[in-house]
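Peer 1: Before I ask anything, let me first share the structure, which is written out below as structure tokens.
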């Protein structure tokens with residue numbers, strides 16, 4: 001769900017980085033029904049008759065042409081999700097299916113001219129490139145630290161501390177910070193993948209998915225899945241157009257439908273008929289959707305109505321009118337932040353302890369005793385053949401250590417000199433300190449991700465906000481310095497774990513580490529240009545961009561701005577009793593996570609996740625209704641035909657997400673052209689409708 005930090009938790013939901021975190025991307029590790037099965041037969045014996053292409057042959061023109069097309073499409077989808085709620089589901093199934101479909105179509109159309117077969121290695125290159133590119137739409141901070149710098153969110157005492165978005169500096173910033181993380185872990189790839197045998201569940205799931213496409217049985221299933229994806233893509237796209245067409249005015253369209261009554265609608269508790277979040281709900285685990293709903297009920301159903309009654313006593317009603325944090329908005333934002341930080345701290349310490357313990361055991365015994373690696377040991381001749389084959393190919397094409405080390409030093413020196421020209425508040429010695437401490441943090445994040453499938457990139461980013469912000473101080477632009485430092489740290493740590501995931505995927509599909517590294521670099525470069533351009537379209541097309549209750553409220557930008565403000569100014573700007581409540585919610589997040597771990601996996605399924613509960617605190621729970629509906633659809637489908645649900649649910653969900661997501665492109669172009677929806681459709685109560693009729697027909 002990226003609070004913006006991770007990629008895709010192969011990316012997944014992308015709920016992000018901190019276990020199951022908001023605003024970040026989450027991935028179930030194993031896509032439902034797509035890659036969870038144990039390898040009953042030797043995968044590599046199935047492909048033994050196929051020659052493995054060289055690393056150069058894996059990097060084809062058609063692979064990058066398809067990657068570019070899919071990167072643009074997926075960047076729009078991820079950007080829309082990032083700017084609305086911050087919940088970003090895994091789009092790996094969609095990327096894998098569409099990549100497979102487009103290249104197969106390409107080879108069919110040009111079979112007379114191109115005789116090169118479509119291999120699983122080339123499929124892996126496409127997958128890596130697309131996910132790397134579209135991931136920049138999330139980790140680039142467009143929905144968090146980057147837009148948090150803008151004057152739209154600069155209110156109160158720091159109203160003059162801002163840096164508005166501009167294509168030139170955003171693209172330059174991303175090119176400076178997005179590649180160092182790739183170089184920081186290259187020297188450790190053999191240790192991570194071969195020696196330690198880290199599982200990287202999401203990377204493993206992606207590899208199983210790609211391998212299945214290229215078997216006769218898997219190819220047939222893939223064709224059916226593409227058909228389902230296309231069908232629901234069309235339905236979702238047309239539905240989005242229908243909603244736009246009838247939304248021509250204030251309180252028009254289905255978003256204004258008072259599902260549970262007018263009062264509930266005012267409290268942001270309604271069903272907004274979003275195909276996107278129905279699809280998100282089908283991909284997210286049930287507990288995520290329920291947690292979001294529970295968070296919405298606690299906040300908008302209980303907390304905020306009670307705090308509203310304390311107007312004038314606890315908070316300033318005048319501050320609420322100007323959206324100042326001294327009003328009720330302060331409670332909405334900071335109580336959510338308390339849950340996020342409590343959950344993030346708990347999972348950070350948990351993953352760190354697991355990582356350190358595993359590393360201690362690894363180096364002490366000089367053998368693989370990692371608690372999650374037992375399934376990787378070659379206990380059969382088939383598994384031994386697979387491992388020997390994969391290790392041989394993985395070690396064949398080396399990336400020189402000197403290249404990685406000198407590249408990191410050179411890029412770090414370049415960024416240290418140039419970043420202060422983009423952000424004068426971010427002094428060169430702040431950047432230097434970040435680049436000195438980043439490699440060990442990147443290693444820890446990549447190692448922990450291999451053990452738990454959790455990336456803690458956004459946690460490290462928040463840490464940079466507080467440390468650099470406090471170091472700079474309010475008098476020297478600490479808010480901007482902290483937010484910029486957050487972006488630097490997050491990009492390094494996030495891309496490091498992403499690349500090791502890609503190495504694991506390549507290891508299991510016999511894709512060369514060189515082709516994985518190059519495709520990641522090319523995909524990242526694509527994203528550094530595509531994502532800012534996509535963001536710019538949204539930013540210019542919608543005049544109320546970033547405003548609360550607008551189509552694109554960018555909620556996590558408000559949260560990151562508030563964290564930066566607290567890091568610089570302290571807690572003096574908070575309304576009365578807000579800090580005490582924050583302490584309570586922070587502690588509650590830690591306690592709930594502890595109970596979840598002590599309860600065991602079976603009971604933990606029924607205990608809400610604090611990170612997910614925090615999402616609706618500020619933006620409302622309207623999308624939670626959509627997500628729970630998606631969960632209900634999936635639950636009923638599994639009860640009726642579990643095998644079919646496992647096979648096709650990810651494709652159906654991806655189609656629903658992609659269709660409405662792609663509509664954001666033409667809708668943005670239409671908005672830029674000044675075209676408004678032609679018809680206003682409203683839903684009125686009978687009494688209101690009678691009054692309207694009486695007004696329109698006074699003589700009747």
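Glycine is treated like the rest: Cβ placed from N, Cα and C.
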Peer 1: Can you say which of 167-188, 189-210, 211-232 is given as transmembrane segment in TrEMBL?
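Peer 2: In TrEMBL, residues 167-188 carry the label transmembrane segment.
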Peer 1: Any contact between the transmembrane segment (428-448) and the transmembrane segment (328-349), i.e. 3 or more CB pairs below 8 Å with pairs at least 6 residues apart?
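Peer 2: In this chain the transmembrane segment (428-448) does not contact the transmembrane segment (328-349) - fewer than 3 Cβ pairs sit under 8 Å.
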Peer 1: Do the transmembrane segment (286-307) and the transmembrane segment (615-637) share at least 3 Cβ pairs closer than 8 Å, excluding pairs fewer than 6 residues apart in sequence?
Peer 2: yes
Peer 1: Between the stretches 59-79, 328-349, 399-419, which one has more Cβ pairs under 8 Å with the transmembrane segment (167-188) than any other?
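Peer 2: Answer is 399-419, with the largest number of Cβ pairs below 8 Å.
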Peer 1: Considering only Cβ pairs under 8 Å, which range in 59-79, 399-419, 517-539, 578-595, 615-637 makes the most contacts with the transmembrane segment (124-147)?
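Peer 2: Against the transmembrane segment (124-147), the leading stretch is 517-539.
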Peer 1: At an 8 Å Cβ cut-off, counting only pairs 6 or more apart in sequence, do the transmembrane segment (517-539) and the transmembrane segment (615-637) clear the bar of 3 or more pairs?
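Peer 2: Counting Cβ pairs under 8 Å (6 or more apart in sequence), the transmembrane segment (517-539) does not reach the transmembrane segment (615-637), since there are fewer than 3.
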